[in-house]
Amino acid sequence: MSVELWQQCVELLRDELPAQQFNTWIRPLQVEAEGDELRVYAPNRFVLDWVNEKYLGRLLELLGEHGNGLAPALSLLIGSRRSSAPRAAPNAPVSAAVAATMAQQTQQAAQVVVPSEPIVVPVAEPVLSEVEEPSSRDSFDSMSDSGSVPAASGRTEQRTVQVEGALKHTSYLNRTFTFETFVEGKSNQLARAAAWQVADNPKHGYNPLFLYGGVGLGKTHLMHAVGNHLLKKNPNAKVVYLHSERFVADMVKALQLNAINEFKRFYRSVDALLIDDIQFFARKERSQEEFFHTFNALLEGGQQVILTSDRYPKEIEGLEERLKSRFGWGLTVAVEPPELETRVAILMKKADQAKVELPHDAAFFIAQRIRSNVRELEGALKRVIAHSHFMGRDITIELIRESLKDLLALQDKLVSVDNIQRTVAEYYKIKISDLLSKRRSRSVARPRQVAMALSKELTNHSLPEIGDMFGGRDHTTVLHACRKINELKESDADIREDYKNLLRTLTT
């Protein structure tokens with residue numbers, strides 16, 4: 001059984017699965033041929049069990065179909081093809097929230113063919129959460145004396161750690177970024193559950209935890225939430241949060257001070273290392289070399305590592321393959337843009353924190369039109385609140401239109417029915433004229449319904465106007481299309497993924 005056949009079947013499976021499922025469960029797998037047997041290595045026990053339960057059956061079907069009908073001999077192991085022997089399966093507890101979320105996101109179950117040990121499932125503490133990202137602060141400075149820095153007042157907590165009498169570390173955690181202030185929705189549910197598992201069981205969770213996604217989606221908030229929870233459980237813990245560029249600057253400073261050994265000892269002595277925007281290590285060879293050894297030392301010592309990036313680790317250009325491989329040893333989770341309901345919840349919670357009365361229809365109006373990320377959503381709300389305060393008026397949809405007129409005009413310009421039709425046609429590889437035609441074949445009718453539903457959600461056009469722009473159709477046809485797509489989004493994983501991808505493309 002060749003490795004090439006496995007890779008061919010994995011590519012076929014990629015086409016069948018939503019991108020997040022493929023990246024989380026299939027992409028981290030490594031494979032090697034041992035005679036007529038294929039050995040498939042998972043980075044940890046949880047990935048192994050999940051692949052075994054949900055995807056192995058389909059993989060075996062594909063291997064049989066494309067391997068001349070021969071049933072393959074296949075073994076699932078924990079470890080890496082580069083290691084001399086597979087690692088023993090750890091007894092890591094899996095949070096109920098994580099398990100429940102995984103089950104929701106996986107649509108097709110496969111036959112279980114490899115026995116696995118039972119998993120202990122503790123009940124995770126129910127928490128409501130919210131999304132925001134602060135800037136990182138200085139972390140590693142030369143010392144002229146042995147005095148420590150007092151805790152800063154306000155939102156940010158400053159902690160100082162003395163190292164070898166020559167260096168100090170000041171780690172800043174935003175105390176408002178907790179699990180309680182994080183608004184949870186479908187888009188971030190898995191990431192939040194995994195972060196909670198790490199925070200509550202740092203010695204038995206996922207290591208490293210790698211969160212990736214666009215800007216302003218809550219990756220940094222979750223990272224701070226973990227750090228704050230660890231310090232709440234153990235105030236003496238050494239929890240270090242910093243931006244990747246700060247790590248580079250610290251290393252350069254240590255080299256200039258001839259203090260590289262102290263630098264190494266410090267970073268390898270922390271209980272938890274939280275590094276934001278790991279993609280900035282790209283093409284910095286010396287920094288990658290130092291971080292590689294720091295990362296290995298921390299994992300070998302059982303210390304927790306949490307990383308974030310704006311993209312999937314394998315897609316970070318200029319990052320060494322050995323680092324990408326190690327990032328896959330733990331759990332890699334995407335943080336998606338928030339869906340409409342979550343955006344409304346974020347706005348209502350922010351307004352409540354600001355002690356401002358925000359009518360639900362006003363929150364819905366803002367959430368419908370500001371879709372790219374939470375940071376822009378909160379910025380829009382601040383403008384509305386300021387406008388309301390200065391004008392001495394209650395917040396209404398009319399006031400929102402006045403205060404956000406430039407943003408709304410830009411949004412209307414970027415998202416037009418013409419643009420939606422063009423994007424949907426390209427996505428489904430059909431012609432725009434097909435969308436406007438009277439053809440009723442499934443290959444055309446379904447994309448047309450998707451385009452109509454997107455037009456209703458993303459533009460201010462009425463149903464009759466949308467119908468007119470789709471070949472002169474009646475408004476009842478548009479209404480039927482919108483209802484049909486909403487139903488399919490609940491029952492059809494492919495339609496749900498298509499709609500989400502198109503929505504992201506049109507609003508980013």
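Glycine residues also receive a Cβ, built from the backbone N, Cα and C atoms like all the rest.
Feature list (source: Swiss-Prot):
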type	residues	note
REGION	1-90	region 'Domain I, interacts with DnaA modulators'
REGION	91-171	region 'Domain II'
REGION	130-160	region 'Disordered'
REGION	172-388	region 'Domain III, AAA+ region'
BINDING	G216, G218, K219, T220	ATP binding site
REGION	389-508	region 'Domain IV, binds dsDNA'
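Structural mapping of features recorded in Swiss-Prot.
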residue : record           : Cβ neighbours (10 Å)
G216    : ATP binding site : 21
G218    : ATP binding site : 31
K219    : ATP binding site : 29
T220    : ATP binding site : 25
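For the region 'Domain IV, binds dsDNA' (389-508), the model's average pLDDT works out to 87.
Across the region 'Domain I, interacts with DnaA modulators' (1-90), DSSP assigns 43 helix, 17 strand, 30 coil.
Counting residues per DSSP class in helix, strand and coil order gives 93 helix, 0 strand, 27 coil for the region 'Domain IV, binds dsDNA' (389-508). Taken residue by residue with DSSP, G216 (ATP binding site) is part of neither helix nor strand, so it is coil.
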